[in-house]
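What Swiss-Prot says about this one:
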COMPBIAS  242-257  compositional bias 'Basic and acidic residues'
COMPBIAS  466-477  compositional bias 'Polar residues'
COMPBIAS  524-533  compositional bias 'Polar residues'
COMPBIAS  554-567  compositional bias 'Polar residues'
MOD_RES   Ser257  phosphoserine
MOD_RES   Ser262  phosphoserine
MOD_RES   Ser265  phosphoserine
MOD_RES   Ser269  phosphoserine
MOD_RES   Ser273  phosphoserine
MOD_RES   Thr277  phosphothreonine
MOD_RES   Ser324  phosphoserine
MOD_RES   Ser350  phosphoserine
MOD_RES   Ser425  phosphoserine
MOD_RES   Ser553  phosphoserine
MOD_RES   Ser583  phosphoserine
MOD_RES   Ser680  phosphoserine
REGION    1-254  region 'N-terminal domain'
REGION    221-283  region 'Disordered'
REGION    224-254  region 'Binding to EXOSC5'
REGION    302-354  region 'Disordered'
REGION    461-491  region 'Disordered'
REGION    523-570  region 'Disordered'
MOTIF     69-76  motif 'Nuclear localization signal'
ZN_FING   73-86  zinc finger
ZN_FING   87-113  zinc finger
ZN_FING   150-172  zinc finger
ZN_FING   173-194  zinc finger
Amino acid sequence: MTDPEVFCFITKILCAHGGRMTLEELLGEISLPEAQLYELLKAAGPDRFVLLETGDQAGITRSVVATTRARVCRRKYCQRPCDSLHLCKLNLLGRCHYAQSQRNLCKYSHDVLSEQNFQVLKNHELSGLNQEELAVLLVQSDPFFMPEICKSYKGEGRKQICGQPQPCERLHICEHFTRGNCSYLNCLRSHNLMDRKVLAIMREHGLSSDVVQNIQDICNNKHTRRNPPSMRAPHPHRRGGAHRDRSKSRDRFHHNSLEVLSTVSPLGSGPPSPDVTGCKDPLEDVSADVTQKFKYLGTQDRAQLSSVSSKAAGVRGPSQMRASQEFLEDGDPDGLFSRNRSDSSTSRTSAAGFPLVAAQRNEAGAMKMGMPSGHHVEVKGKNEDIDRVPFLNSYIDGVTMEEATVSGILGKRATDNGLEEMILSSNHQKSVAKTQDPQTAGRITDSGQDTAFLHSKYEENPAWPGTSTHNGPNGFSQIMDETPNVSKSSPTGFGIKSAVTGGKEAVYSGVQSLRSHVLAMPGETTTPVQGSNRLPPSPLSSSTSHRVAASGSPGKSSTHASVSPASEPSRMMMMMSDPAEYSLCYIVNPVSPRMDDHGLKEICLDHLYRGCQQVNCNKNHFHLPYRWQLFILPTWMDFQDMEYIERAYCDPQIEIIVIEKHRINFKKMTCDSYPIRRLSTPSFVEKTLNSVFTTKWLWYWRNELNEYTQYGHESPSHTSSEINSAYLESFFHSCPRGVLQFHAGSQNYELSFQGMIQTNIASKTQRHVVRRPVFVSSKDVEQKRRGPDHQPVMPQADALTLFSSPQRNASTVSSNEYEFIELNNQDEEYAKISEQFKASMKQFKIVTIKRIWNQKLWDTFERKKQKMKNKTEMFLFHAVGRIHMDYICKNNFEWILHGNREIRYGKGLCWRRENCDSSHAHGFLEMPLASLGRTASLDSSGLQRK
């Protein structure tokens, strides 16, 4: 194929996978070597493929985002020559209210592949894309598909942000930035599309956070190419000159800007450079070398990659290397790759493995993301019955609030053992020293000479946190409370726990000093803790170097006492700007706003059966088939009593519930302005296995009385439709962006899955459609686990299944046990086992053959089998001692416990096609069959393994 055909093919693959893929995933779809693929992507240029890289402790991840210069014409009637596409964007997205038969009434063309459009696509080398793939590409490339941008938006940090009545329903972002032509180095308008308010508007218009993230990365790439690093030192008389430290829009919490702090000398000697803002970027000399990171993709020679980072580390002296260095918004050295600045869930690392500490700018308003207050909530249903229930859970993804990270104005430095510890810029140390008494400032000390200060929110009662940082499991550094046996309740009794689940610790530097707000238990006194007083690490900590943190509260005196491991654990809680209004917590550690990436969105079915045996399971383990969470920066937090929310959500009549003063909107999936999400088990149509814990979804349409009627059910004034919820759910999973035509009585309808709208083809009447699950309580879950009232129906045996499931008395088997079923010697199954057994052991007689029946293991086997691409089943024998029989029948084989040295057909286990054929010792030996759950009992003189 020629290059244009290859470019179109790569674009088609990317768009079929949502417009973005990692390089490894792309290589799995294309039969090309890595070096050749790199040359193709480089030849296509950033106007076709945006190349990104993110790094963490596991290494550097390279991603490819598809983009195009093709645009949709915005004119309703275009009479002049135009090189843009002429089509209806709502029809492309499946949301146009004009049906296919009435498309001539629409002012825009519904013929996506018209002769004129096909020529435009051919000019842009996109002629091989279908309508769905073209929609994915245009949505993330053409600003025309974004919601309307506020024309009176003046920028951040002003008294009047825009002239529209508040709250403004339009986007508050820089329009020039979305078009790729913003040339202001310090633009007053926001360039952050992942801002929570902007993201909420995007979601209302059908753009998911993943799509918005792709748009953000594409715009960042354009902005970086238009404003290269060489242009980032503006003239003093120009806008954004040296007399301005930075614009107010850059003071905000901006996920797309990088502020690189060079690491100090490993020896940690010498104070930081006093001149922070005047230091030259140590990476400036090697900015061009960043483009070479992808050049050696697929090669074994990494020396040149290492030289890039080593040059950055050695080009300056130790004093300069400690200084805070700064890039502009979206800044990164010129090159083939733009770093994914919005994704701060992983730390930026160089190709040689040295961490690049990303300091993200903070906005005072955006910083104060808090959790809705109140320990109890009022759930209001359609009957206005109020029931007070606990609001938020006392744990967040299994990590306690006392172990939440506390970050303030801390930087990072490299230590001898490779850990990252927090330091302050010298400018900030001086500014704090001028406003505080040295005896009332908490300090963090270590073996080096650098000292970090935390400033209390209450000037008269400063906090004394003694903490240290360590590398977290996801590659981020955090300051943790390290007192063992951490209490399970928060200081104020709300039972809220919080933790960072990913992302780099925020590093704040600048002219203004930011403060860490630390709250202690009522009645506690604050105590200074010296860094040398190291305590045993917390069980959740991954580092061995920790310090305990004690905190102060208003109105309490501070005492200078050392904290011992036996003292009361310190409780850390981040306060809102108005503590009287919000008594719960928020965390100042910014992480990636790609909130869909935090946590795993599918709940593990095996875990619900209490039988997940995978060490690194890629699914969410939870005790319910659903999980409601609230996103409060930087983590998802569980609601405490999820059954109340789930029960309301399952009722299609309920769109909004009020929990005290907080509003949960199921349509927008928000709690006030905070995003919420619902994790779930797979849909019942996704698995051929009829598992009792899959989610059953029901589909409803709203009539003229605003009442919801389930599809397939009759109503007093409407005829039942020919389709039901099961049919819609199956069609929805096979074509989630499609349009389904059906009829009910004499009326014909179209249902758009993307817009969730039902349209009457004749009258053009539109009805709202909702999809809600069937409510399952915790008692229902326990009952399904226990059985025997509910036993899942076994699938029909197919060509690849060696044996069908046995008939058994289900009442005699509990969900956690097994049963032996003796096979009749006239059964076909008995004959197959006997024939294979006697093929190598003719001199022995089979007394009985028993089959092991374990419902849990059988369901697990069937689910795994459905995911296999090459389904090859083998009938194997395995010899094991009687001592292990009960464990294996209950829990299946464990190669660590029951394995041996010979590995032939299974990891650590001796599997054989034929049975053993010689004897040396006498005994009675059983041979369980792992995959099918059967046992052959032999009365023999012993068996010897080859």
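Cβ coordinates come from backbone N, Cα and C, glycine included.
The Cβ of Ser680 (phosphoserine) lies under 8 Å from the Cβ of Lys601, Glu602, Ile603, Pro625, Tyr626, Arg627, Thr695, Pro773, each of these being in the same chain and 6 or more residues away along the sequence. Sorting each residue of the zinc finger (150-172) by its DSSP state yields 0 helix, 1 strand, 22 coil.
Annotation note: Ser680 (phosphoserine) sits in a strand segment as assigned by DSSP. The residues of the zinc finger (73-86), classed with DSSP into helix (H, G, I), strand (E, B) and coil, number 0 helix, 1 strand, 13 coil.
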